[in-house]
Amino acid sequence: MATNYIFVTGGVVSSLGKGIAAASLAAILEARGLNVTIMKLDPYINVDPGTMSPTQHGEVFVTQDGAETDLDLGHYERFIRTKMTKRNNFTTGKIYSEVLRKERRGDYLGATIQVIPHITNEIKDRVIAGAQGHDVVIVEVGGTVGDIESLPFLEALRQLAVQVGREHTLFMHLTLVPYIPTAGEVKTKPTQHSVKELLSIGIQPDVLICRSDRMIPPNERAKIALFCNVAERAVISLKDVNSIYQIPALLKSQGLDDFVCERFRLTCPEADLTEWEQVLYKQANPVGEVTIGMVGKYTELPDAYKSVNEALKHAGLTNRLSVNIKYIDSQDVETKGVEVLKGIDGILVPGGFGYRGVEGKIRTAQYARENKIPYLGICLGMQIALIEYARNVAGLTKANSSEFDKDCEQPVVALITEWQDAEGNTEVRTDESDLGGTMRLGAQQCHLVSGSRARELYGKETIEERHRHRYEVNNTLLPQIEKAGLKVTGLSADKKLVEIIEVPNHPWFVACQFHPEFTSTPRDGHPLFAGFVKAAYENHKKSVK
């Protein structure tokens, strides 16, 4: 079967939810038995999001093969079974750096390097490479039509549609259809102008996804179809909903998947959305609720912890619980004290970088340990739990990480200089290495200790989880901390690096060096998050007695 391409663009305003719409359509097509993948093309000039501020860009999602990518790839993996790779996300910066590398190497034989054809050809080559082996590839272009940054991507996709044939390509455009209260009606003019902008660069959309706070009336959909030269059945109303996991059913109810299959002449069974119906049923019918305190430094933008937020919700689904997340700035713990932690059922300290707010996180871990509050530490959340235990239990009063104090006397966490990657190759880093692309990244094996809580939760001896960090537990000082009672219950493939720690004589205190949130999905959940939320609910029931 020839690969079919769906190109997704957005107009009028940004943040319309192109990624969610693309992932939802992919979920329906996957439910029809098709092999689907999704790509995200980002117009910014950074090579990848790895060094971008989480408060500007949101979280960095790490793929199985170690790519630092846009958070939309997290949405893709949560909606479909296909795992994303380095091929599924690239930026203007990555395209330009590759073209310039080829130019320096002499690949272009002295030609003048131009946006057309060299940049557009590189974009097309990467899209085609990422589509290999799939029935349908959905390609989302970041930004808004009309932005200067996205023009090379749109031109490349226009050319690609001509090359592979319009019978194998479909353009899907998301627009805003605002409701004007004073007029008492929705307005279609912004959509018409957005389509006009798209037409000016040679692209005629085949499907319009119209975002609004309500369903768009049939007469307005007919009007949009007429003036935008689109089939009326291809004008899809996408209203605001309580849960993003309602979107697949909403799109299917309007026949979007049927339209796509007919366009590509695909014969496949009806979509079976039973799993998504079960997700929505659990979400709508919780048997209880818990409040989780998330203590971090990027709390002003919840998207900085997008996958963690979603993983907590998935754990709620697994346990039939409604999970309320209370965001707590770790600096508030430093300035206001542990009073800000009162009234929560469980504490989660996620990953992060830099010294700001670290002492607040350490006090948070101490509060959770001493007050028997369920605690889940992720990446930095594990490291600060180790520092706290070393200082207050193991007698290493000057314990710290060399990330925060390069001259600390007792660096229980230190810069990792050498480790093995998933293929068994040795990676080496130093203090002088660049910030971008120099971390321990991607899926790594972890051995779980028999009899541990982690082993009980996962139900197997060996697991694979994703990493994104530079610093590791210092094995030189580890014996003294273990002697004081701390349990190391997860080790790397070569059994040299600490992956999971547990505090004994505590209802639930588990911390891991990896990022379990990247592999949690609404249909399957994740054992660590499920166990944590269950423990938090047990704690909640005690507190209300």
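Just so it is clear, glycine is given a Cβ too, placed from its N, Cα and C backbone atoms.
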Which of Gly352, Gly354, Gly442 shares the L-glutamine site with Leu380, Gly381, Met382, Gln383, Glu403, Arg470 per Swiss-Prot?
Gly352
Identity of the CTP-site residue among Ser14, Ser15, Ser401 (reference: Asp147, Ile148, Glu149, Lys187, Thr188, Lys189, Pro190, Thr191, Gln192, Lys223, source: Swiss-Prot):
Ser14
Listed in Swiss-Prot for the ATP site shared with Ser15, Leu16, Gly17, Lys18, Gly19, Ile20, Lys239, Asp240, Val241, one of Asp72, Asp107, Asp303, Asp329:
Asp72
Inter-residue C-alpha distance, Gly19 (ATP binding site) and Glu140 (Mg(2+) binding site) (nearest angstrom):
7
Hey, what's the widest CA-to-CA gap across Ser14, Lys187, Thr188, Lys189, Pro190, Thr191, Gln192, Lys223, the UTP contacts in the record, in Å?
24
Of the binding-site residues listed here (Ser14, Ile148, Thr191), which is spatially closest to Glu403 (L-glutamine binding site) when Cα positions are compared?
Ser14
Closest of the binding-site residues to Gly17 (ATP binding site), Cα to Cα, picking from Glu140, Thr191, Gln192, Lys223?
Glu140
Would you measure the largest Cα separation among Ser15, Leu16, Gly17, Lys18, Gly19, Ile20, Asp72, Lys239, Asp240, Val241 for the ATP site and round it to whole Å?
20
Within 10 Å of the Cβ of Met382 (L-glutamine binding site), how many other Cβ atoms are there?
27
Specify the secondary structure state of Thr191 (CTP binding site) as given by DSSP, simplified to three classes.
helix
Which of these binding-site residues has the least crowded Cβ, counting other Cβ atoms within 10 Å: Asp72, Glu403?
Glu403
